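Feature list (source: TrEMBL):
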{"type": "TRANSMEM", "residues": "28-56", "note": "transmembrane segment"}
{"type": "DOMAIN", "residues": "47-327", "note": "domain 'G-protein coupled receptors family 1 profile'"}
{"type": "TRANSMEM", "residues": "68-86", "note": "transmembrane segment"}
{"type": "TRANSMEM", "residues": "106-127", "note": "transmembrane segment"}
{"type": "TRANSMEM", "residues": "147-169", "note": "transmembrane segment"}
{"type": "TRANSMEM", "residues": "189-210", "note": "transmembrane segment"}
{"type": "TRANSMEM", "residues": "272-292", "note": "transmembrane segment"}
{"type": "TRANSMEM", "residues": "312-330", "note": "transmembrane segment"}
C-alpha cells in the first residue's frame, strides 16, 4: 500500500527537467543565507514578543497609542511565528512546497492576513500621530481611544477578507504538478489584494506624513518673540515763579518674552514626526518591490527569476523586524520599561 507513495515521492525528487532535484547539495552561500534568514526569524519573534510583554506588564502602557503598537506587535509576532518558518522550509527545498495542499492554503492565508494587518497597523499609527499633532483640542483621550479601537478592528477585518477570499474559489494557491505554493494569481484577485493590502495604505501614509510634516513645520516656524520695546519719555516739571524749568527722563523697563529653544511639546512633535517618517520610509522600501512584482507579473503574464521573488518576499518580511526597533528607539518610556523588566529578572 505504501509503494505507490514512494514511487511518487521518488519521481518528485528526481523530477526530470521540469521539477528539478529537491535534495540538491547546498553551497556555502546557501548555508550562510539560510542561517541569516533563520536568525532574522528568531530576532523578529523575540523582539516583537518583548514589546508585547512590556505593554502587558506596564500599566501606563494600557492606553492609546500603545494599543496600536500592541496590535502591530501581534501581527509581526504572527509573521515571525507562523509565516516565516514555513517560508524558510520552502527555501530549503528549492522554493518548492512539499507539505501538501491543506497546509499550503493555511500558510498563504496566514501570510496575507498577518502581513496585511502589519501594513495597516503602520497606517493606523501614522493616522493617530497625525490627529494628535493637528487636532489637539478635538482629539481627546476618549475620542482617541475610540478611534484607535475602530482602526484596529477595521485592520483585522479587512486583512481577513483579503486573506480568506482564495479559500472560497477566488483563484488557486497550490499546484501539485510543480509543487508551487503562492498567492492566487487570478488577475482580479491580484488587483484587489495588492491595492487593499499595500497601495491603498501606501497612499494614506504618504498623504498623512506630508500633512504631519507641514503641520510640524508650521507650528515650529510660527513661534514669535514677543518683546515690548523700551521708549524714553521726557517729563517736564514746572514750578511757579521765576525758578528755572526742570526736566528729567524716565525709561520704562523692558519686558521680553522669548523662547531661545524648542518647547517640550515642540520637541515631542518633532520626534513623533521623525519616528513616523522613518517608519513609513522603511515600510515603503521593504514592501514596494514585492507588491510591484505581485501586481505586474499576473497582469502581463510574465515572470522573474525565482531568486528575486525570494529576495522581495524576505525583504517584505524584514519590515516586521524593523517596526518594533523604530518605534521603541524613539520612545524613552519603552527604553526605561525594558531596563526595568530585565533588572527585575536579575
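Numbering starts at 1 and runs along the chain as displayed.
Using the three backbone atoms N, Cα and C, a Cβ is placed for every residue, glycine included.
Automatic prediction, not curation, is the source of TrEMBL annotations.
Spatially, the transmembrane segment (28-56) is adjacent to the transmembrane segment (312-330); three or more Cβ-Cβ distances between them are under 8 Å for residues at least 6 apart in sequence. Ranked by the number of CB pairs under 8 Å to the transmembrane segment (106-127), the listed stretches 68-86, 189-210, 272-292, 312-330 are led by 68-86.
The stretches the transmembrane segment (68-86) and the transmembrane segment (272-292) do not meet in space: the count of Cβ pairs below 8 angstroms, excluding pairs fewer than 6 apart in sequence, stays at fewer than three.
Each of 147-169, 272-292, 312-330 was scored by its Cβ pairs under 8 Å to the transmembrane segment (189-210), and the highest score goes to 272-292.
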